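Take this structure first; my questions come after.
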Amino acid sequence: MSAPNRSSTNPPPFLLTGIPDLEVLHVWISIPFCIAYTTALLGNLLVLLAVGLDRSLHEPMFCFIAMLAVIDLLFSTAIVPKMLGVFWLDSREIGFEACFIQMFFIHTFTAVESGVLLAMSLDRYVAICHPLRYSTVVTGPRAVQAGLLSLARGVGAMIPLMCLLTSLPYCNSRVIPHSYCDHMAVVGLACADTAPSHRYSLSVATLLVGTDSAFITFSYCMILRAVLRLPFHKARLKALGTCGSHIFVILIFYVGGLLSMYLQMFTLGLAPHVQVLVADLYLTVPPMLNPLIYGIKVKQIQEGICKLLGQLAGPRSSHAA
């Protein structure tokens, strides 16, 4: 066994395998991931431009949607380009520091998105259950504060975890059987006691994601209770329609995350490439679906995007004429 590299000033890089046992199919596997990434970039940019340029969308609910778009852009960009480099160019090497920076972004953006989804559920709760107080309770500055608080909470929770992980000696194999620097896969390469990092990561996941999901569930239970008390059928449909897109995004985020984490912790006899593919899909599909969901389900966003596309096409049409 080689000596631990804890004292090394330039630790050797890690090597990503991509999809284990399916290396010969990497080029074909990359096609849907490339499409998903391109769709995520274009969709989230359109949402951001629509919200930013249309004054009628400068409301707290649309601010939260814009925050999700920013998170999805940064989240997918931190993962997919390197993943495609592995698939297309066999660029498997990733630096020691770069690996943990990527891991930091994955965990941080996951925690931030969980916080923003919680803020969105509270926004819908106040709007439906206490509509007369909405304009005074939920304001633009408070929405921005909620986003900054989610960011500070995510960064503050992940810095200690990264300190714990980077202090471990990695003297075993440098090969990560994954398409990105997966937490569990990297920790499995350490040749020291990883119990402290496991306890901390489990505590953080339980505290942040567990608490957020509990409050989100409570908020939507109260919303459903209030909606069922509405006297008019049309009013019920309108209230449920405003929450439908949020609930869909929340289910994709939490159910997909739990499934990916469960398969990573308990293999259940699944082939390694199945576990890696599930994890890759969880990190690439939601950033693609979120702008599509809001563009289809939220009428104001849909109108804002159509108006933006019309403005972009207008100058070209007039120039051609």
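Cβ coordinates come from backbone N, Cα and C, glycine included.
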Look up transmembrane segment in TrEMBL and report which of 100-122, 261-283 it refers to.
100-122
Looking only at residues six or more beyond either end of the transmembrane segment (61-80), which have a C-beta under 8 A from one in the stretch?
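Residues 33, 36-37, 40-41, 44-45, 47-48, 51-52, 102, 105-106, 109-110, 112-113, 116-117, 119-120, 123-124, 127, 140, 143-144, 146-147, 180, 249, 283-284, 286-288, 290-291, 294, 298, 300-301.
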What average pLDDT does the predicted model assign to the domain 'G-protein coupled receptors family 1 profile' (43-294)?
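The average pLDDT of the model in the domain 'G-protein coupled receptors family 1 profile' (43-294) works out to 86.
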Give the one range among 25-49, 100-122, 143-168 whose Cβ atoms make the most pairs under 8 Å with those of the transmembrane segment (204-227).
100-122
